[in-house]
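> Sharing the features that TrEMBL gives for it:
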| type | residues | note |
| --- | --- | --- |
| SIGNAL | 1-19 | signal peptide |
| DOMAIN | 46-297 | domain 'Laminin N-terminal' |
| DOMAIN | 449-484 | domain 'EGF-like' |
| DISULFID | Cys474-Cys483 | disulfide bond |
Amino acid sequence: MYLLQVFVLQALWVSWCHATQHYPASWGHYDVCKSQVYAEDRLAWHYMACQPEATDMTKYLTVSLDPPNITCGDPPEMYCALENPYMCNNECDADTEELAHPPELMFDSEGRNPTTFWQSTSWKKYPRPLQVNITLSWNKTIELTDDIVLTFESGRPEQLVLEKSLDYGRTWQPYQFYASDCLDAFTMEPKAVHQLTPNTMLEIICTEAYSTGYVWKYDKTVRFEIKDRFALLAGPRLHNMASLYGQLDTTKNLRDFFTLTDLRIRLLRPATGATMVDENNLSRYFYAISDIKVQGRCKCNLHANSCVFDKGKLGCECEHNTTGPDCARCKRHYQGRAWSMGSYLPIPKGTANICECKCNLHANSCVFDKGKLGCECEHNTTGPDCARCKRHYQGRAWSMGSYLPIPKGTANICEYILPSPSRHDSWEMFPGRGRKAMRVHLSFSLLPTARVCDNVLLRCQNGGVCHHHQHCQCLAGFGGVLCETAQCQGDSCEDLQSSQLSLRPLPTAQTLPLTLLSLIPSLLATRGLTSL
């Protein structure tokens, strides 16, 4: 008995998993934008593609009707049933709450009794067409994730067009045509979505499947089949989402097909239930819609996992250093690389394609300091954008880093250059040599930040000891920055130098570099001196 229970629970679990993992609203691979990971013994951010959860988008729209006075009830009017022209017991009165049918009733919660619905005026001006445009606007780009479903309380229209806009209602393009006779209404051959192929999945079709006139219990809805079009790439049960994501990633037309800012329902001809219109009972002909469902999500270009409705407007809560209603541009100071949308690939976490600090590829992070954003510069560069070499690192001209070769690029670091010697000429009087003789003493000064006597640059001479990398502590009888000057005269200097060298021989690497020594003759020449 226990084994049977386990088997049943396992079967239920598998069934539930299959049911949820193939339903578009529950695609959960992209709900987290970043996570913390350890890198080089410290916490760092790892960024991923992300998008808001799918939801009922009718909670955030505004609706408008054209013509604006097309809603019934002003003046009050009686309506008859389409099936029975003599059953006329439905009254519409805009001044009575129980009898009013304003447009917001297309989006209220269903399940109440009696059913709430919007209703148009009747076709009392026949033979002039009874046409209505219902426009749903989000003032935000959204992406559809499930079928659009219109539920009619009246008979379903004999002619209807569903249209979309990508530019906030400035231009429109058809999504799908609906008619009881497609050839007669739109000069189009009737077609169903299941007749499309992956190569024709964006084709605009006319369908006759949703235009039966009479109101039956299960014949009230008109659909725009989003999931059936997804299935053309992802399989009948949407089991191959990687294929769909791959196509969405690389095909802009495919992404745009499921993207809109506004939706327009054009009601062109009401249900008549016959080939001829009964002109004696025009109160039978009208439109009534009890519910509209639009399932989707805010379009955030895979740079946000939440979308907020604030002050009547939808907006993405952008991540990845992006900004704007759709996270469609980089923040200020984060234009180090051109903006691009995130990527669904590789499955399952995608690629964030974050906006980087504008640091010319010489930093991997930006910091706020004293209210200003700046780069944490590397590669011996400095400045707000790492756009110049540090002092003493002008050994090569500054240039920005390079993305090539892939994948690591080239740093183009600023290289160290030995600071030019600063000459201090001091003149000394030597008595007993006839005319006043002058002798020049040369000394070399480096900036305080330079390491005068470390293991890479210069070392102290004549037995001197390097102190804190900044100056040499010289032995008796020697002076100068590098203990290069003998403070003695005649043979005693040679004896002193010989004795010191024998006590502490210096390796070649510790001697004054040839490049520095080569400067001495030129300095002497400028004074007209050839020797000390």
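A Cβ is built for glycine as well, from the same backbone N, Cα and C atoms used for every other residue.
All TrEMBL annotations are machine predictions without curation.
What's the neighbourhood like for each of these?
Averaged over the domain 'Laminin N-terminal' (46-297), the predicted model reaches a pLDDT of 93.
Under 8 Å, Cβ to Cβ, and six or more positions away along its own chain, Cys483 (disulfide bond) finds Cys460, Gln461, Asn462, Gly463, Gly464, Cys472, Cys474, Leu475.
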> Test of understanding: give the count of other CB atoms lying within 10 angstroms of the CB of Cys474 (disulfide bond).
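22, counting other Cβ atoms within 10 Å of Cys474 (disulfide bond).
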